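Participant: After the structure tokens below, expect a handful of questions from me.
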């Protein structure tokens, strides 16, 4: 059985170690299988294993039911699209009020889809006819105007010809016109076509017609004032009305093909005026009738969609629920008698009673003659990792899980991340004015979390909302560190009392500490405001923040090493205690722990010793006298001892562990006995498992491979002790950068425009200051400090003890399906 904490009916709620897990087997009668899986999904405490991994989805037992669920999901998506087009929103789901069986729902959805499809098809046909009639009505109006204007010009021309006719033909008139005027029998009857063509194609349409007929047509076009709805596409299109006069059937055939190619819709136009008026009246009447019919059809469609909308959420959840149940059933193994199904999966130890209760209820409710059998299996598999979190701790746990999920019951960095992550962020972001801005933004997200949780947010807002409690802690710690730095948008305040210093005379108050005398006790909390704006501000804050960064870094790295001890003790890995934890602790503190001690001593004594010189010559010339760099008596001896311990701890980490692993391996396999000996260190199997496949236990122990592996770990730690300590200096660098940027925006933007005594310049300065503060300091600097704090936790802290090679507990749960829907 998988190792873990004691049993019980309640979760441990221990963030330090994941919940104790067990591999269980459930034998379920076939008649109660569906209801059993449904109840287990409501419980959400069992992660099923796929016992049919070798089968394709189509070869599994419930493939047909999955197909039915997929078809129902398709119908529901169709309904959702139709509701979206009709601007009808689904009513909030009330899942517990009514219960609809799966088969009944399938029939109902099929009937609704058929009815809605028929209504849509009829509406589309009517709408297309309606749009055609609207276009026809437009053509009748425009073409009527063409013919009316043509008739007027022809009549005027005829009167002019008759008035000027003197019995002789004019040499200037065309010969064809002369012949037609003299011989009516030679007059040619012209045909006409009218319709609408897209405005963007009108010029090309005219050119192609002219070239195809060699100019033997007369074309008249006029744009329509408003776009019309195209009957084919259903979209609004700007079009031109046209009338084409042609002669001959060949020309007509060419024109018809060109009209089809240019999507020009053609409509008949009677030449007789009376017929034109009759056509206009008839078309107008049909348009009114169709409009009324279409409105009735849309009202009927909306009534169907509203009836669907009232139950849509419930149906959608039921369809997804059923599909999830059948997917889970497909993971179960069918017994040879086909009378029962066998399930295997992981569950927390505390959930055993709840799972058995669910099995019993399913047996009773399904009226099965045989109950389900629940039993715990022994296994060597690595269980999944399961932490009980709430809405506050879950976001901090996600920060850790983004690096890697904890190995089963490995010490969880998430516990310490709740405090250390926002604190390290605040060290880089320390300004209580900026912290208050972050706090106000976060309080808005927290106060309205119920409303925002039900809304669909964009990616950035969703990320901020998910990490609202992380940002809350970051803002609170930023206010705290801002008070320590005594910075409010870079401006110092005497919040905790008067400054410890005063001027000898009024002339010394501008940006200098010369002439200052200490007139009262040390400023009680944080940095004395007199340092801000002084010549010594930058050297003082540089020294303070750099040394503080080293102290914080060494403290957090020591915490990581101590956590490796608790991991080793929990897993009973004594080799890691004696040959990893102890030498690592000695090495780190012999060098950088000693440096931290020197920093504290220097602060307490006010010594002017050069710590750089002390640390460098501790390695280069350990026997030389320290001179003025000596901070306490016996310092030279202490440094020699610490240097010797640091040198000894390196081979201590490197050599003994591979040798002892080899001896342990030989003891385990003496006389070809492959079982674990009683009392043997439990860590040996785990250590060997890193370098040795369990399925090949009979092979020889690869000492060289284990030694190289240990050599790499030793080199990583020794070099990492230096590089990781240096990496914590980013706390100093980013804190200084944040402070200087804030000062620049305040002094060079806001105060500079204030001194101009110009309202317009001041307004511009205030606007630039606000946007610079929000854009640079509250957005970019927040993101920068967040990423650097993330790196310090993932690399400098977690690499001391955290393997992060586990996998998350993913139970079958309907609650998770609801969260995914939301």
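Every residue number used here counts from 1 along the chain in the order it is shown.
The backbone N, Cα and C atoms fix where each Cβ goes, glycine too.
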Participant: Look up transmembrane segment in TrEMBL and report which of 618-636, 637-655, 656-674 it refers to.
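Facilitator: Going through 618-636, 637-655, 656-674 one by one, TrEMBL flags 637-655 as transmembrane segment.
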Participant: Let me spell it out: take the transmembrane segment (548-566), skip the flanking residues so only those 6+ beyond its ends count, and list any with a Cβ under 8 Å from a Cβ in it.
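Facilitator: Apart from its flanks, the transmembrane segment (548-566) reaches 411, 413, 416, 420, 424, 427, 576-577, 580-581, 584-585, 588-589, 592-593, 595-596, 599-600, 721, 724-725, 727-732, 792, 796-802.
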Participant: So, does the transmembrane segment (468-485) come close enough to the transmembrane segment (578-601) to give 3+ Cβ pairs below 8 Å, pairs being at least 6 apart in sequence?
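Facilitator: Counting Cβ pairs under 8 Å, fewer than 3, so no.
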Participant: Over the span of the coiled coil (95-136), how high is the average pLDDT in this prediction?
Facilitator: 85
